[in-house]
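So the structure is just underneath, and the comments pick up after that.
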């Protein structure tokens, strides 16, 4: 039953993420691109605003570490020396972690802008462009291999070459300007999302609690949404005239933001179970579902080059997640694993992982 629930929540999360991305582009005909993005930021970041209120009244601040969480759980108990629990003040989290948490939101926000432009520029290639966006794990793996000495296995390196081959095919064999420009936007979106992963990696090492990271990122997203929507409102981009498609102007962008939020919650529940390989494979293959929906809903089919490259990229991403070492994780490796999934999931708990060293007494949970 747990494995079945893991797969169900994974499919729900994967499909909502998949559906939310093209919805950003479908709202473009009714309003300006920045108006669409502002609504997406606002509708997805609103939940971070609510989380910030909750943590402000419970924890005392939105910036706290794992130790602060443990102390909060003992708030009704008398501490050694007769003292009682006092709320966190944010000093346990370094300035660098706070700044990188907020920077992670900027990276994610810009990634959404780039993907919106990609889908709007080349709507015919919905599936392949989603495959490009899913290859961010390749960038993180290569960066950590050279910068943090988190060595990739030989088979993972082969999988990365496979992903690169698929990307080259998609870029090299499309002669039309619109198709190539859409691909460039998708690559930029993938790189900025990978940057958000690397920013979160640092906050993981610093011990910042997962709930704090999620709240900080989503609250910043909410602020960005308010600012963008206010700017667009001042330019009368949200003015409704006779004949305007209200669904395209407001409903689909907000549904895109809600889809991202639902995807975060669903995948967060899925990764609470040990079947993470199943989760990774399903998420990596969601571009195929996007391709099928684009065909039946919009009647569009990508070019042969895009189709070929998409399937090669999907195979490579799946192989990266499958070809993992079966040896116990070191403490540094367990932190890296948490950092890679956290930007996507936004917080939550993972099944404890046995860590090599110290006689197996250490454990890591995200």
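Using the three backbone atoms N, Cα and C, a Cβ is placed for every residue, glycine included.
The shown structure was predicted, so the numbers you read here are calculated from the model rather than taken from an experiment.
Marked as domain 'EamA' by TrEMBL: 181-321.
Away from its own ends, the transmembrane segment (35-55) comes close to residues 24, 27-28, 61-62, 64, 109, 112-113, 116, 211-212, 214-229, 231-232, 237-238, 249-250, 253-254, 256-258, 260-261 of its chain (Cβ-Cβ under 8 Å, at least six residues beyond either end). What TrEMBL lists as transmembrane segment is 35-55 (among others).
Under the heading transmembrane segment, TrEMBL lists 95-115 (among others). Residues of the same chain lying 6 or more positions beyond the ends of the transmembrane segment (95-115) and with a Cβ under 8 Å from any Cβ of it are 21, 24, 33, 37, 40-41, 63, 129, 133, 185-186, 188-190, 192-193, 195-196, 199-200, 202-203, 206, 208, 212-213, 216-218, 220-221, 224, 343.
According to TrEMBL, the feature transmembrane segment maps to 127-147 (among others).
Listed as Cβ neighbours of the transmembrane segment (154-173) (distance under 8 Å, sequence separation of 6 or more from its ends, same chain) are residues 128, 131-132, 135, 138, 141-142, 180, 183, 187, 303-306, 308-317, 319-320, 323-324. According to TrEMBL, the feature transmembrane segment maps to 154-173 (among others).
Taking Cβ pairs closer than 8 Å, the transmembrane segment (179-202) reaches residues 96-97, 100-101, 103-105, 107-108, 110-115, 117-119, 121-122, 124-125, 128-129, 132-137, 139-140, 143-144, 167, 170-171, 213, 303, 306, 335-336, 339-340, 342-343 in its own chain, all 6 or more past its ends. Residues or ranges marked as transmembrane segment by TrEMBL: 179-202 (among others).
Beyond its flanks by at least six residues, the transmembrane segment (214-234) meets 31-32, 34-35, 37-49, 51-52, 55, 62-63, 98, 101-102, 104-106, 108-109, 264, 342-343, 346-347 of its own chain at Cβ-Cβ distances under 8 Å. According to TrEMBL, the feature transmembrane segment maps to 214-234 (among others).
Residues annotated as transmembrane segment in TrEMBL: 246-267 (among others).
TrEMBL lists 279-298 (among others) with the feature transmembrane segment.
Look at TrEMBL and you will find 304-323 (among others) tagged as transmembrane segment.
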